[in-house]
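Per TrEMBL, the features are as follows:
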- A:72-92: transmembrane segment (TRANSMEM)
- A:113-136: transmembrane segment (TRANSMEM)
- A:166-188: transmembrane segment (TRANSMEM)
- A:200-224: transmembrane segment (TRANSMEM)
- A:236-256: transmembrane segment (TRANSMEM)
- A:263-288: transmembrane segment (TRANSMEM)
- A:308-330: transmembrane segment (TRANSMEM)
Amino acid sequence: MGTLFFCFLAFLLAAYVVLDGYDLGTGMLHLGLARDDAERRQLLRTIGPLWDGNEVYLVASGGTLFFAFPELYAVSFSGFYLPLMIVLWLLIVRGVSIEVRSHLLSPLWRQAFDVGFSASSGLLAFFLGVAIGNVVRGVPVGADRWFLQPLWTDFRLGKETGILDWYTVLVGTTATFVLAEQGALWIAWRTAGAVRERALALATPVWAVSAVLTVVMSGVTFLVQPHIPAGLVREPWRLLFPAAGVAALLAAPLAIRRGQEGAAFAAWSAFLALLLASVAAGLYPVLLPSSLDPRLSLTVEEVRAADGALRLGLVWWPLAIGIALAYTAYVHRRFSERVAP
Amino acid sequence: MGDLLLIHRLHFGFTLVFHYLFPQLTMGLALLIALLESLSYWKKDEALHEAARFWARVFGINFVIGVVTGIPMEFQFGTNWAPFSRYAGGVIGQTLALEGVFAFFAESTFLGLFLYGEGRIGRKGTWAAAVLVFVGSWLSGYFITATNAFMQHPVGYAVDASGKLAMVSLWQVLTNPWLVWEYAHVMTGATQTGAFAMAGVGALYLLQGRFEAQARTFVRTGVLVGALASVLQIFPSGDAQGRLVAQHQPATLAALEGLFRSAPGAPLAFVGQPDMQRRRLDNPIELGHALSFLTWRRWTARVEGLDAFPVEDWPTNVPLVYYAYHVMVGLGTFFIAIQLGAAFLLWRRKLFASRPMLWVLLLAIPFPYVANTAGWVAAEAGRQPWLVHGLYRTPQGASYHVSSGNALFSLLGFTGAYALLAILFLFLVGRELARGPVEGAPAHEG
């Protein structure tokens, strides 16, 4: 049952990254791709009615983590204290920037919030990547089950790691590019006119950088956390995730070349989801590796809630998420035509 | 250790109090907007629809700040109260997750449709979206109140072998008798905030002689809904909640009422200052036997004072609990007087011309916020020294492994960020009010 909820959690996180990924990406690129106020509003209109619903997947992931794995929730949220606070402040800046910028006509006001929107979107993408990097690399969970990491120490791997070291910075950078690509493909798919042309022109180089970074990051990950390749190979069917991920990665530029932006976006979304699925499949049954001693790593069975709570969750959770997915699909269909400049 | 506990408590208290300024208005306005949209749809009245759209713009600004200050609340259970999350996650993790996946999804999705979608979903769709935003926001309030009600009065749980809480019956948690009355009390409080805001803004326009037709709609709707909510606020919901506190948290009741000595025929204090050194109420103005009657429905019943409990079981800040409670009850009484007075003038068709009453309605806008905040302070400070009443004490639940520097840094960070948000909010809502319910203005600019 712990395994089932592990899959649920991985699914929700993947849904969050795919959905908020495109609006984070749109945010990052928004300053560069949109040259004047009309174009900025055009970009904002593609995500305006949707971004808030996307962010609820983050809240839902937090909630699911809390009730299904209360121990992990407690250990990791307190251990990642400062980075989480920074993420919360970034979420505040971003949400406010999106909603508030068009309330005033003053160009100065709009510029300020445009910069706030871009910067917070980029930093959020980076920190989401850093978070995944930390979970992969492991954190100094001690025998008492608590840990507290500083933001950074000396940027080297080892026992005294910080949230930021060269590995997590690499993962964060990769995440930033990968989500920028998700945004570029979204914009290419959902807009018309000059903005769409620029997004299409950007999609290929960003794809290339993302692909190179993904390959480098995967190689480095196998060295930093040998647990992951071992986990993937132990049950070879798990290799399907990275294999399908590579296929999706290669499918995206083909779709762009054939002028099918919707398909390119879908392929890149699948790539994001499969990348996360590969990490989850490699880590399982560990949820949070300990960098001090592998025996102190937190595993699914150790940190999951009692049987009763999970059985109960099995009743309402799939129902609730089913309804939520239906809402998400409905609003995306409602707002599905290309936004003209 | 003591300092760190205090910082964690201030952290949660400050972010919670600030956060709750926004949902109380959105929950109240969600009801009022759904009401206006329903009337408009039913009577085919475009003016009512325009009125609803004006409030939807105010709602939108509020909602954003409510969301961005609400996400930190969910995270803080894990960051600042990690041992508590580990202990109680089996129960309150479930109610918080239910809020996220059932209520918050509905609210966010349908608000997007309601604000942006008018051209695409038609009038019927807009009406349905308004109603679903209302359902989502009230459901959200329900699950959050369920979480709090469990901490006030735990039911439907078991303590497992490792000493942690496990959910035994979700049904019991969601039908907790404490929850039923607390929810009624919280929601009538939120409705008052919305109703006073609507009536007060209408009064402002009438005093200025602007948008008079819309303003009359605002005042009429605000006063009628507000009068009903003010009455329900005191009876039955407030009364029932007070009696639950007496039954299940007698030490809290003694602190709320400033009752230091147990007595048969206990008096009800309207005014007075708790004197913690001499353990009595200074300068009291009391009504004899009234507390006994209110609590146990008998004039001579014995009510336990603080002296009946060991000092370590007293709420940690008795004067705070006492004052917060008295501010709430005092304001609640004023609200009934204001709203019934205004409703009477409305019935006599004199309200729209009565400048003094319109001034009262305008100046009353901030006070439901004060009353709702005081109510939560009384409830939460009154629950101390427990996190889960009778089971788990507050000092057990704080994240001691988070250094006090980190906790203080983030507390100061939130203080600064929220100060900016408050300025931004007042500025934007002020602009919206200055512009007024202009015909044809878009529900949302983007």
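Residue positions begin at 1 at the first shown residue.
From the backbone N, Cα and C atoms, a Cβ is placed for every residue, glycine too.
Nobody curates TrEMBL annotations by hand; they come from automatic prediction.
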Spatial neighbours of the transmembrane segment (A:200-224) far in sequence, C-beta under 8 Å, 6+ residues away: 29, 32-33, 136-137, 157, 167, 170-171, 173-174, 177-178, 180-181, 184-185, 188, 242, 249, 252-253, 256, 261, 264, 275
Beyond the flanks of the transmembrane segment (A:113-136) by 6 or more, those residues with Cβ under 8 Å of it: 17, 21, 23-28, 30-31, 40, 80, 83, 86-87, 90-91, 93-94, 96-98, 100-101, 149, 163-164, 167-176, 179-180, 221, 224-225, 228, 276, 279, 283, 287-289
Other parts of the chain folded back onto the transmembrane segment (A:308-330), taken as Cβ under 8 Å at six or more residues beyond its ends: 1-2, 4-5, 8, 12, 15, 19, 53-54, 56, 60, 64, 67-68
